[in-house]
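Please read the structure below before turning to the comments.
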Amino acid sequence: QATGFSGHEVANATVSSKSHGMFCNLKFDSYERSRSFNYNILKFAGAGWVEMATWDNVDKLKLTGLQDRVQKKGNFHLKVTTIVEEPFVYFSSSNKGEKKLEGFCIDLLHALSQLSGFTYEVNLVGDGHFGGYNESSQSWNGMIGELERKVADIAVASITVTQSRATAVDFLPSFMTIDLKFILHSSTKYKEEKYSAYAFLEPFETNLYYAIIFCVVMLAAFICVLSKHSPSELKRHQNARRLRTEKTDAERGMGFNNALYFVWAALFWQTPERVPRSLSARVITVLWYLAAVVFVASYTANMVAVVSRHSDSIDSAQDLLLQNDVLFGTVESSAVETQLRSSGIRIAQKIYSFMTGENVKGQNMMVPNMDTGLEYVRKGKYALFWDSLSIDYAAVNSNCELVSTKVGFGEIKYGIA
């Protein structure tokens, strides 16, 4: 049974009232739209959900997590952990001989402190690692571990944002996105052929050269015989008024010496002054010129291939896997190691298997830090997989000693944790 109230009257009563709902106070405007509502932005952080920010129609977005600490004004002190890796963080000497930390990340930290009004102290990470999860101890090492244990407040370095790390600590939006590369010594990447003084003979086999010499001698003798017994050849010489003596006739005629010189010159597309005059000899000459075209073209093509040939040139990650002379690895407990280990790309899985022991030495080729890896690279026979920015920086400052190469997969994002 109806109570006597129409739907319009119920709607007006609801809009004009102010009551507390499950999430916030309910208020409506003249268009019967809710004026007061807010949202809680949560993030799952391993043990449970953590509030990161709130949003309402008055104050809009309000950050309550790590970003709020950095962005809001206020005087507070932060303990910063970092790791040395050029060009992000490195030591430089002042005029007084004192060493201080500089680099892109240090400049970024200083700019944030100027904007947000906080002070800070920077310390190098104790174990020298970026942050990897140990399954046996179920704990993090490196900078991620120091943040989790509250030893440091934030980590400002070339630390990669990964899904596993994001479950342990909070990250600011990434400040840089780069790709993956590997670096190796130039002598390892390019192995030029060492040519001997007889390199010009390499296009053909020795037996072929013997066959060519035999053909030249036999063809010269054949042309000489044809010239001596051809009526047209003799007639032309006898009717020539300038042939006055036997010596002149021998010089002008196609004797063995002249025939041998003619055949040899024709092999290289040259035409000497004395040529056969008889029809039969000229037919043989045309066939020989055709053979000479094939000979010169084949020799030129093979010679170009010999001169421009490189052996074992490493131009991709696939080339690294196809050889056993150069070993390669990356920094242990790093995001690059995690990316290679968890990647679904087949070549990435092969690279990680090689690094962890499936190589000719049967050894783990991981290095504790980038500097150690670069030392191995400078000694040769080793390639280091790392982010493109650090790799390119090391290659540019190596006086052309080191060469970087793109891997072709993998994207790396750097952020402040």
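Note: Cβ is positioned from N, Cα and C throughout, glycine not excepted.
According to TrEMBL, the protein has these features:
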{"type": "BINDING", "residues": "T160, R165, D387", "note": "L-glutamate binding site"}
{"type": "DOMAIN", "residues": "77-417", "note": "domain 'Ionotropic glutamate receptor C-terminal'"}
{"type": "DOMAIN", "residues": "87-149", "note": "domain 'Ionotropic glutamate receptor L-glutamate and glycine-binding'"}
{"type": "SITE", "residues": "I314", "note": "site 'Crucial to convey clamshell closure to channel opening'"}
{"type": "SITE", "residues": "R341", "note": "site 'Interaction with the cone snail toxin Con-ikot-ikot'"}
{"type": "TRANSMEM", "residues": "208-229", "note": "transmembrane segment"}
{"type": "TRANSMEM", "residues": "250-269", "note": "transmembrane segment"}
{"type": "TRANSMEM", "residues": "281-301", "note": "transmembrane segment"}
What's the CA-CA gap between R165 (L-glutamate binding site) and R341 (site 'Interaction with the cone snail toxin Con-ikot-ikot') in angstrom, rounded? 15
Same chain, |i - j| six or more, Cβ under 8 Å of T160 (L-glutamate binding site); the result in sequence order is F130, S334, A335, V336, Q339, D387, I412, K413, Y414, G415
Considering all pairs of residues in T160, R165, D387, annotated in the record as contacting L-glutamate, what is the maximal C-alpha distance expressed in whole angstrom? 18
Looking at the domain 'Ionotropic glutamate receptor C-terminal' (77-417) alone, can you tell me the average pLDDT? 80
Calculate the distance in Å between the alpha carbons (Cα) of R341 (site 'Interaction with the cone snail toxin Con-ikot-ikot') and I314 (site 'Crucial to convey clamshell closure to channel opening'), and round it to a whole number. 23
Relative to the mean position of the Cβ atoms of T160, R165, D387, the recorded L-glutamate site, which additional same-chain residues have Cβ within 8 Å? F130, S158, I159, V161, T162, S334, A335, V336, Q339, I412, K413, Y414
Rank the recorded positions R165, R341 by the number of other Cβ atoms within 10 Å of each Cβ, and give the residue at the low end. R341
For I314 (site 'Crucial to convey clamshell closure to channel opening'), list the number of other Cβ atoms lying within 10 Å of its Cβ atom. 23
